[in-house]
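S.K.: For reference, the structure I am asking about is given below.
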Amino acid sequence: ARVNLRALTSWVGIARLFAVVLSCLTFSLVASTGNFRGPSGTWCMFTWCFCFIVTLLVLLLELLELYPMLPLSWDDFTSAFSMLAVLMVFTSSVVFPVSFISSPCSSNECARQAVATTTSFLCFLAYAVEVGLTRAKPGDISSFLSTVPGLLKVFEAYMACVIFSLLDEYNKESGLMWCVAVYSICFIFTLLIIIFTIGRCLAYIPCPLDKVLVGYNFLALLMYITATILWPLYSFKGRSRPSSCGRNCSWDKHLGITFLTIFNLIAYLVDLIYSSRMVFI
């Protein structure tokens, strides 16, 4: 192995260094308070630790130029991870203060939580800068997951994961069960596309892959249109928000799924437009 200092001195390397420092500082501050129990706190702590470890590993592999030895598409992997880190850290930057910071914030523990929230948001910006720097320019398709359709694939899969985490009381209505089937089918196929791209397996598929992806995006868009209509129809028909609706209220979860479904519908629409332009124009 030989040392490649450009891995640390380039703009992408500097953004990754900031992400490593900020994620480490964030989970250290939260750990020092000892107040991160429960599903929300566990998720946030996992996010910061996971992003810290993977980004540090990416920096070391590029610094020592060991990544060509790995049996995967390095550019696709780093593009997918940076996009995933943007989404995960942004979610944690919103969930953590909502779940753990109370008003008025006057104690030392609360001050550290507030600083951790700030560093988490700055970490999100560092990953967003990395995504912007590594995104493929128009006409450059050497790395699929660094293109707009590739980044949208990561977004679509992540949104589906968030939807799954909110699912509650859906097996009483056939319409809701269809929506869950839509979320599951689209998630599985999108995840397989990401994995096969990183693993360099798409070249072994005996069909015009670019046109297959356009067809899949079109079908996924149609399925999400039905879910966008059926989910709120079956979730809220004849049901108003209960007056005793707490933090884990099923009504609120269904409302969150409604908005996430709309977000994924827009993502699949943009994905279809960009994929069609790449293939046919």
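Including glycine, each Cβ sits where the backbone N, Cα and C put it.
Bear in mind that TrEMBL entries carry predicted annotations, made automatically and left uncurated.
Annotations per TrEMBL:
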type	residues	note
DOMAIN	7-139	domain 'MARVEL'
TRANSMEM	12-31	transmembrane segment
TRANSMEM	43-61	transmembrane segment
TRANSMEM	81-101	transmembrane segment
TRANSMEM	113-129	transmembrane segment
TRANSMEM	141-164	transmembrane segment
DOMAIN	144-280	domain 'MARVEL'
TRANSMEM	176-198	transmembrane segment
TRANSMEM	213-234	transmembrane segment
TRANSMEM	255-274	transmembrane segment
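Could you place the listed features in the three-dimensional structure?
M.R.: Long-range Cβ contacts of the transmembrane segment (12-31) within its own chain (Cβ-Cβ under 8 Å, at least 6 residues beyond either end) map to 6, 41, 44-45, 48-49, 51-52, 55-56, 58-59, 62, 85, 89, 96, 112-113, 115-116, 119-120, 122-123, 126-127, 129-130, 133-134.
Within the chain, the transmembrane segment (141-164) has long-range Cβ neighbours (under 8 A, six or more residues past its boundaries) at 73, 75-77, 79-80, 83-84, 87-88, 91, 131, 134-135, 183-184, 186-187, 190-191, 193-194, 197-198, 202, 213, 217, 220, 257, 260-261, 263-264, 267-268, 270-271, 274-275, 278.
Long-range contacts of the transmembrane segment (176-198) within its own chain (CB-CB distance under 8 A, at least 6 residues past either end) are made by residues 72-73, 76-77, 80, 144-145, 150, 153-154, 156-157, 160-161, 163-164, 167, 170, 205, 213, 216, 220, 223-224, 226-227, 230-231, 234-235, 261, 264, 268.
Proximity of distant same-chain residues to the transmembrane segment (255-274), defined by a Cβ-Cβ separation under 8 Å and at least 6 residues beyond the stretch ends, is recorded for 147-149, 152-153, 155-156, 159-160, 162-163, 166-167, 179, 183, 186, 214, 217-218, 220-221, 224-225, 227-228, 231-232, 235-236.
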S.K.: Is it possible to list how many residues within the domain 'MARVEL' (144-280) are helical, extended or coil according to DSSP?
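M.R.: DSSP composition of the domain 'MARVEL' (144-280): 109 helix, 0 strand, 28 coil.
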S.K.: How about long-range neighbours of the transmembrane segment (43-61): same chain, 6 or more residues beyond its ends, C-beta under 8 Å?
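M.R.: For the transmembrane segment (43-61), the far contacts come to 7-8, 13, 16-17, 19-20, 23-24, 26-27, 30-31, 36, 67, 70, 78, 81, 85, 88-89, 91-92, 95-96, 120, 123, 127.
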